[in-house]
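According to TrEMBL:
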{"type": "MOTIF", "residues": "43-46", "note": "motif 'HXTX 1'"}
{"type": "ACT_SITE", "residues": "His43", "note": "active site, proton donor"}
{"type": "MOTIF", "residues": "125-128", "note": "motif 'HXTX 2'"}
{"type": "ACT_SITE", "residues": "His125", "note": "active site, proton acceptor"}
Amino acid sequence: MSATRRLFFALEIPAAIQQQILHWRAQQFPQETGRPVAAANLHMTLAFLGEVGSKKQQALTTLAGRIRQPGFALTLDDAGHWPRSRVVWLGTRRAPRGLLQLASLLRAQAERSGCPQGTRPFHPHVTLWRHAQSLVKLPAPGFSWRWEVENFALYESLFEQGRTRYRALERWPLTQ
Ligand code: 2AM
């Protein structure tokens, strides 16, 4: 059997915003909230693919490369806690149409290519904490980060020396 990789499509968060979020998180949450996600690992998943072999990866990247849609502005201005998955996240109060369209297309392509997408609806989020405590006091509203999303990427999830790291393998521009 050939080797597989753990893959997902996601939006990158600009490095300057990753740093601002880290700073804000340190001010807003106590350290015992959970396991903080490293700045470079902050991202927004569009479609999770799971363990994928090279043939399927090729098929998925060919389809991704055919996507033609304009970029969009994304604002992170919401936060939440999912006790079951023990995740604390940042999200958006108003998901832009372009974001929903892109995720929906990638998820449909993934499903058709043999990467089941499950039944839960897409909830765009950026995971901030993992293994969160059962009770988390969420920050007061008023925070907001906004940027122009101009591309999306295929990421590989690696587990090295006891740490998870995400590596962008390929990027596609959002242009019509
Ligand atoms: P999470 O941050 O909510 O855990 C890499 O693991 C990325 O893929 C993360 O953004 C993670 O979402 C997402 N992910 C992992 N397993 C998943 C699954 N079974 N379904 C959907 N997304 C998943």
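Placement of Cβ uses the backbone N, Cα and C atoms for every residue, glycine included.
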Non-local residues, at least 6 beyond the ends, that sit with Cβ under 8 Å of the motif 'HXTX 2' (125-128): 13, 21, 25, 29, 36-37, 42-45, 76, 79-80, 87-91
Pairwise Cα distance for His125 (active site, proton acceptor)/His43 (active site, proton donor) [Å, integer]: 8
Neighbour count (Cβ, 10 Å) for His125 (active site, proton acceptor): 19
Average pLDDT across the motif 'HXTX 2' (125-128), rounded to a whole number: 98
